[in-house]
Amino acid sequence: MQALLNEILDAVRPLIGQGKVADYIPALGTVPANQLGIAVYGNDGEMYCAGDAETPFSVQSISKVFSLVQAIEHSGEAIWERLGHEPSGQPFNSLVQLEFERGRPRNPFINAGALVICDINQSRFAAPALSMRDFVRRLSGNPQVMVDGKVADSEYQHRARNAAMAYLMQSFGNFHNDVEAVLRSYFSHCALRMNCIDLARAFCFLANDGFCKHSGEQILTRRQTQQVNSIMATSGLYDEAGNFAYRVGLPGKSGVGGGIVAVVPGQFTVCVWSPELNTAGNSLAGMAALEMLSSRIGWSVF
C-alpha cells in the first residue's frame, strides 16, 4: 500500500498548476497550491500516508458530514421532516430551488441543507461550535484539532448568500434559531483545521458499521451508517457526484479547501488533499489520485 500511494502521488503531481485555489473565501486564497497528500486508514487500525498528509487544511464542506452525524445521533429520524436526501442537480448555494420547494432543502450536503442541520444542532447543544470541535477531536483521536478563526471570520464577512438561504427558510417556517448565531456555528464547523490523517481516522466509523474502533464508540447504527454513506454517494461532491461515482465508485465528501474523503465500506477510509480545484469545486489532483487508487485496488462499490 505504501509504495502504491507514493506511485500515485508521483503520477498525479503534474496536474498541480492546472486547477485554481478557492479565492471566494479570501483566507483560503492564500494557501500554497503545490501541496498534495493522502492517507488511507484500515479497519484493522493500520495507517498509510504519503506526501503532505500531515499538513492541516480547512475542511470546509467535509464538516457537513460531522454535522449530519451529530444531528442523527441526537435527533434521529425526525431530522428528515425538515430536509430530504435527494441529489439537487443545482449549484450548492442555489436559492431558486429552495424557494420553488418552499424552504425544504434537497439534502444535507448543499448549503441550505447544512444550515438546517446546524439549526437542529443549535437547538440541541448549548455551545454548538465547541460541541462540534470536541466531537471531531474524539472521532479523529487528535485533541489538537482547532478552528481557524481567520477563515471563520472571512466566511462570516462574506455570508450574504448563506444568510439569504437561512432567512428564506425561516420565512417558510423551516428555521427556528437566530440566523446570525447559526451562521457563526456553521462557519466555525467549516473552518476546522485537520490533515489527511485526522480525516481518514475521523471517518473510519463509516467504513465499520458505525463503530469507531480507536474511541470504542458506536457512533451510528449500521442502518444509519448505510444512510449517511448513500447520501455521500449521491450528493457528496457538489455537481460532480455522478462523475465521482463513475470515476471512483465510492461514497465521498469534498470541500473547497481541497480535501476529499472517501469510504470503502467494511475496509478503509481515504483522505486526499490538494488545494487546487476543478471547475466543479473539487480537488483536481485529489480526484485523479482517488480514481487511480480505486481502480488499482478494485474498490468501487459498483
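Glycine is treated like the rest: Cβ placed from N, Cα and C.
Annotated substrate-binding residues in Swiss-Prot are Ser61, Asn111, Glu155, Asn162, Tyr186, Tyr238, and among Val96, Val145, Val256 the one listed with them is Val256. Site extent for substrate: the farthest pair of Cα atoms among Ser61, Asn111, Glu155, Asn162, Tyr186, Tyr238, Val256 sits 19 Å apart. Here the Cβ of Ser61 (substrate binding site) has 23 other Cβ atoms within 10 Å, regardless of which shown protein chain they belong to.
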